[in-house]
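Now, the feature entries from TrEMBL:
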type	residues	note
ACT_SITE	GLU182	active site, proton acceptor
BINDING	ASP44, SER45, ASP83, LYS113	3-methyl-2-oxobutanoate binding site
BINDING	ASP44, ASP83, GLU115	Mg(2+) binding site
Amino acid sequence: MPVTHAHLQTWKQQGRAIAALTASEYAIAKIIDRAGADLILVGDSLAMVALGHRNTLPLTLDQMIHHAQAVSRGVTNALLVVDLPFLSYQVNYEQALQSAGRVLKETNAQGVKLEGGYADMVHTIGKLVQAGIPVMGHIGLTPQSVHQLGYRIQGVTPDMAEKIFLEAKALTDAGVFALLLEHIPAELAEKITKTIPVPTIGIGAGSACDGQILVTHDLLGLSDKQPPFAPKYIDLSEAIATTVDRYCQDVRHHTFPPVKPPQ
Ligand SMILES: Nc1nc(=O)c2c([nH]1)NC[C@@H]1CN(c3ccc(C(=O)N[C@@H](CCC(=O)O)C(=O)O)cc3)CN21
Ligand SMILES: CC(C)C(=O)C(=O)O
Ligand SMILES: [Mg+2]
């Protein structure tokens, strides 16, 4: 049975952890979905891991929709969420409605994710939710603010921790169906998770969150640079390089293709 928003709420109450991953194209998305991920995010990190940009800012809404369409063709079970790219939603709530509306109309996404918990963004997210658009919040390290924050851990000082805690409560009141917590101290993520009724999904936010997400390219060893909190479960770069080398050798030694093709 396909995952719905209601499942996430139920799983939080039951203490059944939510396993989420990113995807940027059809083939891997299909494998991730069949292997049982609960939630698949078409994250704007694809600007870096799939397109080779230095940060997430250059990605356009058209490019995101193109990737989300490819991913959605491979997803039948997981809840599908799409990141709104930088400056496709920050101008005003009308822009956010139009961008989120396009994502829901043109892909099979069941929700969108927007970065930020400041007052204007809380207001925007409230408008989206009122229009019937499921929204996931994203606070802590918000990579679209890289030129202000870098990629450092957020919420370390008591003041900044309190600010993030208040943002989490405000986004909950605005109606987010889940909240992504990125690169914040585990104790802060635990406090938020215990306080708000909606599920928290953590990345570099400790083990107390209701779920975890990783960038799939990190999990598989396919990204240029691994964030400190992202383990490499397998080194596919190594496996692919070895395989390509074997193929090249076979071509050069005239052992591929075989003289007599297999029947
Ligand atoms: N491949 C990939 N994985 C991710 O998890 C990811 C992306 N890309 N792109 C978007 C953001 C950026 N993320 C990152 C990237 C780097 C660090 C990192 O290296 N942090 C170090 C150094 C911070 C600094 O001083 O600049 C740290 O110790 O926190 C953390 C999160 C998480 N997200
Ligand atoms: C925090 C991560 C999961 C994200 O937003 C992305 O991959 O773009
Ligand atoms: Mg993102």
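Heads up, the Cβ atoms here are built off N, Cα and C, so glycines get one too.
TrEMBL annotations: computationally assigned, not manually curated.
Among the binding-site residues ASP44, SER45, ASP83, the residues whose Cβ lies under 6 Å from any atom of ligand 1 are, in sequence order, SER45. Residues ASP44, ASP83, taken from the recorded positions ASP44, ASP83, GLU115, GLU182, are distinguished by a CB atom under 6 angstroms from ligand 3. For the binding-site residues SER45, ASP83, GLU115, the ranking by surrounding Cβ atoms (within 10 Å, all protein chains) places ASP83 first.
Apart from ASP44, ASP83, GLU115, the Mg(2+) site neighbourhood in this chain, defined by C-beta within 8 angstroms of the site C-beta centre, holds GLY43, SER45, THR56, LEU84, PRO85, PHE86, LYS113, LEU114, HIS138, PRO143, GLN144. When the Cα of GLU182 (active site, proton acceptor) is compared against those of the binding-site residues ASP44, SER45, ASP83, LYS113, GLU115, the shortest separation belongs to GLU115. Rounded to a whole value, the Cα-Cα separation of ASP44 (3-methyl-2-oxobutanoate binding site) and GLU115 (Mg(2+) binding site) is 11 Å.
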